[in-house]
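> I have a structure here, written as structure tokens, and I will follow up with some questions on it.
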Amino acid sequence: MADVPINAPQHCPGTGSTEAGKSSACQGCPNQSICASGTMSGPDPAIEEIKEKLSSVKHKILVLSGKGGVGKSTFSAHLAHGLAQDESKEVALLDVDICGPSIPKMMGLEGEQVHQSGSGWSPVYVEDNLAVMSVGFLLSSPDDAVIWRGPKKNGMIKQFLRDVDWGEVDYLIIDTPPGTSDEHLSVVQYLSVAGIDGAVIITTPQEVSLQDVRKEINFCHKVKLPIIGVVENMSGFICPKCKNESQIFPPTTGGAEKMCTDLNVSLLGKVPLDPNIGKSCDTGKSFFSEIPDSPATLSYRTIIQRIQDYCEKKKVTCFS
């Protein structure tokens, strides 16, 4: 996998590329002779550093989606809020959606900045037991576009995993970009040695979303990433007055439930549409504290409990 040193030029091909040290973009780079010699194409020393840095993190969960716009980052934010409601748990949320970092907005942290200490980057805290890190904190404006090639994104992800000082953490939730790209390969490669519990895959009921989720599931199998389960988001609308459910996005091919049965993957639950979810993301507040008794909140709580049960069961299996 190609990677980019921090002091590399903008169009660096990456240390693992066959063009490393030879490309026109390499002219004048302080690393040119080292890259050209091939000494940087060996095992990445950062892998052991990441393993050591994350040794204090008990559970690591990736949140994936095959398609954008299905509520992946929304789920990541609410998963973090839900887990952090237990004050005895330390929770961390890492946003590696490099080109579309929405977590700062959803967590009410826009305008916050990252500070460096002797032990690494200090995350930004929402609550005493909920820490957040995102590339959005490194931008001068939330409207700035991140126009990076894959190798530079990989370098940023490596730096997040290696340099952020999370401390003792029970759950690290990693919000990824949609699809299967360089970022996903980087995260899986770096976390494979640190121990990753698995992935939660977010979808909506429509076939156009499910077909991309099937690709995501195949990706997980190929890279040996365990699948915790699938969450069907925007699954119907429950009227707050009459309590009847309407299918806004009808599951024309059986929805996530049939897909999970066909592919032998766990369905963690279905989250109904609720306009208050979008409102809470826009205002950066926890949906659980704002609307504690809504059907969506109850669904989230069930899903979060199933994720916790999976992680605890896996921990027992690993040590037995």
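Start at 1 and count along the chain as shown; that gives each residue its number.
In case you wondered, yes, glycine gets a Cβ from its N, Cα and C as well.
Positions annotated as region 'Disordered' by Swiss-Prot: 1-23. The [4Fe-4S] cluster 1 binding site feature in Swiss-Prot is assigned to Cys12, Cys26, Cys29, Cys35. Marked as ATP binding site by Swiss-Prot on the basis of sequence analysis: Gly66, Lys67, Gly68, Gly69, Val70, Gly71, Lys72, Ser73. What Swiss-Prot records for Cys239, Cys242 is [4Fe-4S] cluster 2 binding site.
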> May I ask which of the binding-site residues Cys26, Cys35, Cys242 is closest to Lys67 (ATP binding site) if we compare their C-alpha atoms?
Cys242
> Counting only residues 6+ away in sequence within the same chain, which have a CB under 8 Å from the CB of Gly71 (ATP binding site)?
Ser65, Ile202, Thr204, Asn233, Met234, Val271
> In whole Å, how far does the CA atom of Cys242 ([4Fe-4S] cluster 2 binding site) lie from that of Val70 (ATP binding site)?
27
> Just to verify a number: CA distance, Ser73 (ATP binding site) to Cys239 ([4Fe-4S] cluster 2 binding site), in angstrom, no decimals.
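Each residue's Cα considered, Ser73 (ATP binding site) and Cys239 ([4Fe-4S] cluster 2 binding site) end up 25 Å apart.
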> List only the single closest residue to Val70 (ATP binding site), chosen from the binding-site residues Cys26, Cys29, Cys239 by CA-CA distance.
Cys239
> For Ser73 (ATP binding site), just count the other CB atoms lying within 10 A of its CB, please.
26
> Out of Cys12, Cys26, Cys35, the binding-site residues in the record, which is closest to Gly66 (ATP binding site) when you go by Cα distance?
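That would be Cys12, nearest by Cα distance.
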> If you count other CB atoms within 10 A of each CB, which of Gly66, Gly68, Gly69 wins among these binding-site residues?
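Highest number of other Cβ atoms within 10 Å: Gly66.
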> Out of Lys67, Lys72, which has the highest number of nearby Cβ atoms, where nearby means within 10 Å of its Cβ, if these are the binding-site residues?
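Counting Cβ neighbours within 10 Å, the top one is Lys72.
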> Specify the count of other C-beta atoms within 10 Å of the C-beta of Cys239 ([4Fe-4S] cluster 2 binding site).
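The answer is 10.
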